[in-house]
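Asker: Right, I'll just put the structure down here and ask away after.
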């Protein structure tokens, strides 16, 4: 039996009143007149440049999509980044093709409890080109980031986390991370970070120009014993989609070993309006871990 789509609990519901559920209303919200600095037009792009200013929500949407892609491609729980601030950007709109966004933004380490060496800053900087194909998911992304954790240090941190997982006497079977009070036990932080790593692929694949997801909760985790050295586990996540305030259950299977390609398979209930029939989305991926921007 497939998990049923769930409404967001009251604490997450925001201000009272009707919420936009249709993609058109979500697009209008995204394009509200909150502007960031705009650049000049792209001479090679047939679309129309946004001369008067680019909606900040669109730049943030592009930056978050780029980070989902970047985190998944990194294959490293120690390298996870989140958006700190959008610094500048520009966009071109082609009604037939979609929207192309160039955005520059700063990032910070996803796990604020990670130990920092003296002189090591939390912030990094990224530049991304993101192409939203109208309302289709899985935007095309080219992203480069700098001022990140050194490769050697990242590998050391990943291996320490890996050893902690392998030293467990019994495979994990966990329910609800974080708990109902929003707390993540320090002993479960690695599981959460690995789940975030795999979920980044799912969130990138499901993202559109108006839909944005973040990881709300793990509702189940099951680690499997393997005959090789990999970490292999299944987990169910609840993804929060902001424009519709929907919660989407996804079952994800992840195989991880430090320095090796990350393997992800998933099966999600499709985001839909109440008038639409039920559906599912699924996919899988294996990615390289050697990236030019590390």
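Using N, Cα and C of the backbone, Cβ positions are placed for all residues, glycine too.
Below are the features listed in Swiss-Prot for this protein:
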{"type": "TOPO_DOM", "residues": "1-20", "note": "topological domain 'Lumenal'"}
{"type": "TRANSMEM", "residues": "21-42", "note": "transmembrane segment"}
{"type": "DOMAIN", "residues": "38-153", "note": "domain 'Cystatin LXN-type 1'"}
{"type": "CARBOHYD", "residues": "40", "note": "O-linked glycosylation site"}
{"type": "DOMAIN", "residues": "173-276", "note": "domain 'Cystatin LXN-type 2'"}
{"type": "REGION", "residues": "273-294", "note": "region 'Disordered'"}
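Could you tell me the structural context for the features on the list?
Answerer: In terms of DSSP secondary structure, the domain 'Cystatin LXN-type 2' (173-276) contains 21 helix, 45 strand, 38 coil.
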Asker: Over the span of the domain 'Cystatin LXN-type 2' (173-276), how high is the average pLDDT in this prediction?
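Answerer: It averages 87.
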